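Colleague: Provided herewith is a single structure, encoded as structure tokens, for subsequent inquiry.
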Amino acid sequence: MPQITSPREAGPYSRHVPSLDGLRGMAVLAVMASHLFPGTTRGTWLQPIGATLIFGANGVDLFFVLSGFLITGILFDSISDSGYFRKFYARRTLRIFPLYYGVLFLLFLLTPLIGFHWHRMNWALLFYLQNTNIFGTFYTFQLGHGISLDHFWSLAVEEQFYLVWPLAVFFIRDLRKLLWVCCSVSFVALLLRFLLIFHHVNYNFVNRSTFSRADSLLLGAVLALLLRSRLHDAVLASAKKIFFAIVAVIVALNLSRFLIERHSEWLFAFDSSYLAIRYTLVALGSAALIAWCLRPSSRTRIFFEGRTLRFFGKYSYGLYVLHYAAAGFFIATFRSWILHFTSSKLIGVVVAGFLTFLVAIVLAYASYNLYEKQFLRMKRYFDYDRSGAVKTPSPAAH
């Protein structure tokens, strides 16, 4: 059975790991590609590329697993700190709230000028409840003029996780018991998805509810705990094989769908089952990829330590928060001009996507250096007491 390791053994994963910055950069680029180039290849010979872009949405799953991994490491390693709760929540607040609420406040100020449409459901955004139906949201946050905050649902999932998980780690403490809780709740989340899908519950709830997506966060937590156990070396050694095995399973499941008769009752059963299990498979693959990136001197680790991916990883939170709204506004405002100039819908969408991508980079860079940094500097007042204090890069949502 896994045993708790000494702080020295656990320490390396409580500090800044450059390869995880690169992994986060890849995740945000994947999400942006799926959002900025919608329907780019529909009905064209480029359709396979379009299908690939759709999988970019899995970047959100990678963000969840990264968050579960990093946050659990922070919590477990600082469990004896006298300011455990105060420091954790203060540091999370300083990292996440300024940009999140800053965007909401800016949009509210611009409402008289631009004419955004605010509805009852928008109140959910103030309390990170946009992934629930408590305000009758139905998961649609279209403000008009191309501005959409639909992607904020993933931020709600993470914030709700942050409210509960520190309490669980603090009161359970034992590594083996925490592993049991993570695996048990992950299984319940998988089972819940099966039940919801086969009972034809709104798929947005299945996709965006914290209850049905908990396994993505908790499988990241499992990895963090295993790397603080005697299974550390075995986990790192097997990460590459596990990653490719899971990729092979996902590819095989997608290909096997074409073998089922189109209108067969088996097709519904297959699609429903795949939708339920897909999140777990992607989360397991993401956890394996993270472990692979932690292997010393591995080519994968070196690749993700590259400056380009690390750049996008550094600004991933701002890119995620800002890119969708920027894309909608830019495309809604200049779409007709771009289509007229390019004389092609395909080229027009691609041009608009790349221009929006550049605008999002500028906005995220400016936001981080001119605005967010002022709050991040205050994190020094909430440093952890233990040696080798946590310096993990903050997870971005997705």
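Keep in mind that glycine also has a Cβ here, set from the backbone N, Cα and C atoms.
When I checked TrEMBL for this same protein, it listed these features:
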DOMAIN    18-364  domain 'Acyltransferase 3'
TRANSMEM  49-76  transmembrane segment
TRANSMEM  97-118  transmembrane segment
TRANSMEM  152-171  transmembrane segment
TRANSMEM  178-198  transmembrane segment
TRANSMEM  210-229  transmembrane segment
TRANSMEM  241-260  transmembrane segment
TRANSMEM  272-294  transmembrane segment
TRANSMEM  315-334  transmembrane segment
TRANSMEM  346-371  transmembrane segment
Colleague: Take the C-beta pairs under 8 A between the transmembrane segment (97-118) and each of 152-171, 178-198, 210-229, 272-294, 346-371. Which stretch has the highest count?
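Modeller: Top-ranked stretch among 152-171, 178-198, 210-229, 272-294, 346-371: 346-371.
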Colleague: What mean pLDDT does the predicted model reach across the domain 'Acyltransferase 3' (18-364)?
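Modeller: A mean pLDDT of 87 is what the model gives the domain 'Acyltransferase 3' (18-364).
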